[in-house]
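Report on one structure; see the data block that follows.
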Amino acid sequence: MASPAAGEVAIIGSGLIGQSWAMLFASGGFKVKLYDIGQQQVTNALEKIRKEMKFLEQSGSLKGSLGAEEQLSLISGCLNIQEAVEGAMHIQECVPENLELKKKIFTQLDQIVDDKVVLSSSTSCLLPSKVFAGLAHVKQCIVAHPVNPPYYVPLVELVPHPKTAPMTVDRTYALMQKIGQSPVRVMKEIDGFALNRLQYAVISEAWRLVEEGIVSPSDLDLVMSDGLGMRYAFIGPLETMHLNAEGMLSYCDRYSEGMQHVLKTFGPIPDFSGATVEKVNQAMCVKVPSDPEHLAARRQWRDECLLRLAKLKRQMQSQ
């Protein structure tokens, strides 16, 4: 394999996450090769990217300094994995969340890459020590877990394998910043990384509150969307504590006893089945029917809200 030329990225897998990554890298001026095993998958992905970029440009939400056509010209499809990674300085794997499939892909990549390219997985929960087990280029391997949908939500969790070189983390961190994402360093691997551990903690307590008849499913969602979520769109839970008293020390001194009392009342992990599933599903379907058309329309509405929120956040941060 040739030496990596600055500005070339390979995306392995052309699904929704792969498409988002391709758009993000193109927005940063990178030349992108989008690989998949079938021509139809690649053709469909490129068409979806074109449609999305045109929409974003028309709505004034396209990322980067280049126009849509310029960005689109940077993205090409590829059916040969060796050709896809030729000259790449970063490879972003986006195949389905299946450990054996991801291991197969990285074993294949391990045999054709040099010792300079970064090998990155988009996995949301598979541990790097399992995904990258036994690879010769393990020092170049890292998880860069985006949040769905990545183009609209900037967070990327960077999770190293125990043998990942610090330079690999630094390079990936800088690259994510360059394409407008917000990277965070997860210092060592843990099940669920950081984002999903927080998300699952919220889901678990939300489920218990509904299951125990404390609050209805629709009102539970309001607690987040019109309550906690309003704050969390701009500041995290730790800064919230800091601001809700005369600093963090004051908050802990004032509220720690009450927090501990409440936390001790938390129940066991829910099994997410039975009557509660029916109750929650019924409430959700009243709001958004679960047929593909209604779900797609609601996702589009969600993405438009995220775009507008992102604009507001940028305006607020620049003031």
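Residue numbering: from 1, along the chain as shown.
From the backbone N, Cα and C atoms, a Cβ is placed for every residue, glycine too.
Curation plays no part in TrEMBL annotations; they are all automatic predictions.
Straight from TrEMBL, the features:
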- 8-189: domain '3-hydroxyacyl-CoA dehydrogenase NAD binding' (DOMAIN)
- His145: site 'Important for catalytic activity' (SITE)
- 192-272: domain '3-hydroxyacyl-CoA dehydrogenase C-terminal' (DOMAIN)
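Look at the domain '3-hydroxyacyl-CoA dehydrogenase C-terminal' (192-272): DSSP puts its residues at 56 helix, 0 strand, 25 coil.
Taking a C-beta cut-off of under 8 Å and a sequence gap of six or more, His145 (site 'Important for catalytic activity') has these contacts in its own chain: Ser122, Thr123, Ser124, Val156, Glu157, Leu158, Val159, Phe193, Leu195.
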